[in-house]
Amino acid sequence: MQSVFDRFKAIEECINRSTFGRVFRLDGSGHPKQIRGASFFRELRAGLTTFATMAYIIAVNSQVLAETGGTCECDVNLFDDCRNAPGWLECQIVLKQDLVTATAAIAGLSSILFGFLTNLPVALGPGMGLNAYFTYQVVGAQGRGMVSYRIALTAVFVEGLIFMFLALAGLRQWLVKMIPSTIKTASGVGIGLFLTMVGLSYSAGIGAITAGNSTPVALGGCPVKDLNAKGECVGNLMTNAALWIGVTLGGILVAFLMAFRVKSAIIIGIALVSVLSWPRDTSYTYFPYTIEGNARYDFFKQVVSFHPIQSTLFVQDWGLSGATGSEFALALITFLYVDLIDCTATLYAMANMSGVVDEEGNFPRSTLAYCTDAACISIGSLFGCSPVTTFIESGAGIAEGGRTGLTAITTGLCFLLSLFLAPIFASIPPWATGSTLILVGCMMIRQVCNINWKYIGDSVPSFVTLVYMPMSYSVAYGMIAGMFIYVTLNTMIWTVVHFSNGKITPTNYEDKIVYSWAMGKRDMPQWMRRIVDKISGSDKSGFIRDELPETVDSGSTIRNSSHNGTEADKDGIMLEPYPYPQQQREEHDSMYQQPKETCRLPKGFPG
């Protein structure tokens with residue numbers, strides 16, 4: 001057995017040292033900014049883990065978006081319930097199958113594209129919060145909202161183009177910089193709590209909590225048959241066998257394996273719970289003898305199946321005039337601000353968790369990351385999907401050791417594979433991944449140590465941010481609440497300090513984090529820096545012709561006759577030589593691989 005492991009290790013080291021390994025900066029590749037600990041098989045495991053925690057979107061996203069009615073025809077003035085309309089139910093069956101294919105396809109394509117271009121271990125897909133916003137607040141159930149399904153898709157397409165412009169102009173990076181650092185740190189903690197809330201719920205978790213009658217949440221854990229119409233347990237609390245299988249095998253066992261640094265611990269837990277949940281003659285089966293259970297089982301038995309998109313491909317409505325134009329503008333504005341905040345907070349939190357955010361709050365290839373995300377939003381709308389965004393479940397893969405874009409590419413390939421094996425991947429029960437989300441939340445919440453708790457002007461807005469995200473079930477609304485408190489509170493404090501000439505200051509005022517929204521040169525995209533250099537006169541003649549090589553890899557070392565060891569910065573533009581001698585490079589690069597901690601974690605803590 002040891003010889004087999006040795007062979008795999010030798011293969012991995014060979015891949016790490018190859019050109020392929022250098023592209024993704026794997027450990028041992030010889031790249032000047034190689035990522036310590038990043039290895040080929042570890043990245044594959046991380047990608048599989050991310051996919052296992054994201055696979056539920058194949059079924060869930062199609063179910064949510066199908067609630068809009070899609071392109072199915074129904075006169076809402078004639079039918080109070082479109083299910084009574086002729087041909088509606090038949091159209092809905094085809095619509096759901098179309099959306100299953102569309103979800104898997106766009107998640108696969110966008111994750112591969114994002115991983116290759118940005119080298120970040122972050123997967124993309126139709127956002128779960130955004131799809132609910134798209135369905136219930138914009139289009140409405142059965143198309144009874146403010147805009148039609150087709151117009152909403154048009155708004156999503158244009159939104160992606162606007163995001164692309166904002167990223168290329170540097171405005172999106174500037175908007176990110178406008179968010180105080182303490183709020184951005186708190187958003188990572190809030191997302192961890194949000195993931196925990198999702199992992200505890202019935203829809204995508206172990207079902208330990210439910211909606212409460214007189215309280216926001218209540219103790220759950222009852223079998224599904226004991227849930228009332230409002231989703232509340234009416235009896236048999238904490239007796240659901242699926243809950244305890246998810247807790248023991250998907251949670252406690254995985255945590256035990258992680259304590260001993262067992263590789264693929266998360267995948268092992270998800271696989272065990274899934275396989276145990278497939279037999280039908282158990283109390284915890286995912287295929288009970290019900291209408292829904294029979295439908296799942298019939299789909300599961302197909303094993304290999306592919307359904308081409310028939311009704312949601314390229315269905316945008318471009319006839320934007322009169323009342324339709326105003327509806328389009330309203331939908332576009334709502335998508336813009338919700339998606340901007342949601343994606344920005346999630347992407348920053350994932351980049352920070354993977355340890356690539358520098359002291360200025362920037363991460364490598366940020367312009368390219370935002371542009372890729374924007375392009376995927378527009379492409380996703382062509383498939384008939386709500387806005388595509390970075391997935392917080394990527395944290396599971398990062399916790400498994402993912403550090404490069406190879407993780408995201410692996411996840412994307414799994415989604416493309418699921419186009420043909422969707423019956424298998426769509427049959428992973430929510431209680432198989434619920435404990436994984438809770439464990440990832442546990443790892444993300446450690447960033448709470450980095451919040452400035454000394455000064456109340458930073459601590460209160462941060463606390464509101466991290467609490468309101470899970471309570472509102474929205475990353476965007478949590479950020480909005482935190483920013484509102486931050487601006488209001490600190491404006492009041494500044495007014496008192498300013499008009500008292502500094503004689504009246506709050507406690508620990510000297511410990512506040514200095515806030516600046518000014519855009520520095522490093523925050524600008526490459527083309528804008530060139531313009532600034534030309535205007536300021538700091539650009540040397542022949543810069544573009546002589547100093548830029550024919551191909552510049554982000555962060556790669558340029559070696560030619562005129563520049564020896566010159567370093568390309570994160571957006572591919574040469575700025576200055578590498579400021580560290582060879583023997584100190586490894587120590588310098590490690591600064592960007594592990595997030596800084598201000599409190600001590602228990603020995604052996606996972607991640």
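Each Cβ is built from the backbone N, Cα and C atoms, and glycine gets one as well.
Unlike curated entries, TrEMBL annotations are predicted automatically.
It is 191-211, from the ranges 44-64, 191-211, 317-337, that TrEMBL records as transmembrane segment. Beyond the ends of the transmembrane segment (151-171), by six or more residues, the same chain brings 68, 134, 138-139, 315-318, 320, 324, 327-328, 331-332, 335-336, 339-340, 367, 370-371, 373-382, 384, 386-387, 519, 523-525, 527-528 to within a C-beta distance below 8 angstroms of the stretch. It is 191-211 that, among the stretches 99-118, 191-211, 241-260, 406-428, forms the most Cβ pairs under 8 Å with the transmembrane segment (475-497). Remote same-chain partners of the transmembrane segment (241-260), defined as residues 6 or more beyond its termini with a Cβ less than 8 Å from a stretch Cβ, comprise 205-208, 221, 266, 268-270, 272-273, 276-277, 282-284, 429, 431-436, 438-439, 604, 606. Within its own chain, the transmembrane segment (406-428) is flanked in space by residues 24, 26, 38, 40, 43-44, 46-48, 50-52, 54-56, 58-59, 100-101, 104-105, 107-116, 120-125, 270, 274, 278, 286-287, 296, 299-306, 394, 397-398, which lie at least six positions past its ends and keep a Cβ under 8 Å from the stretch.
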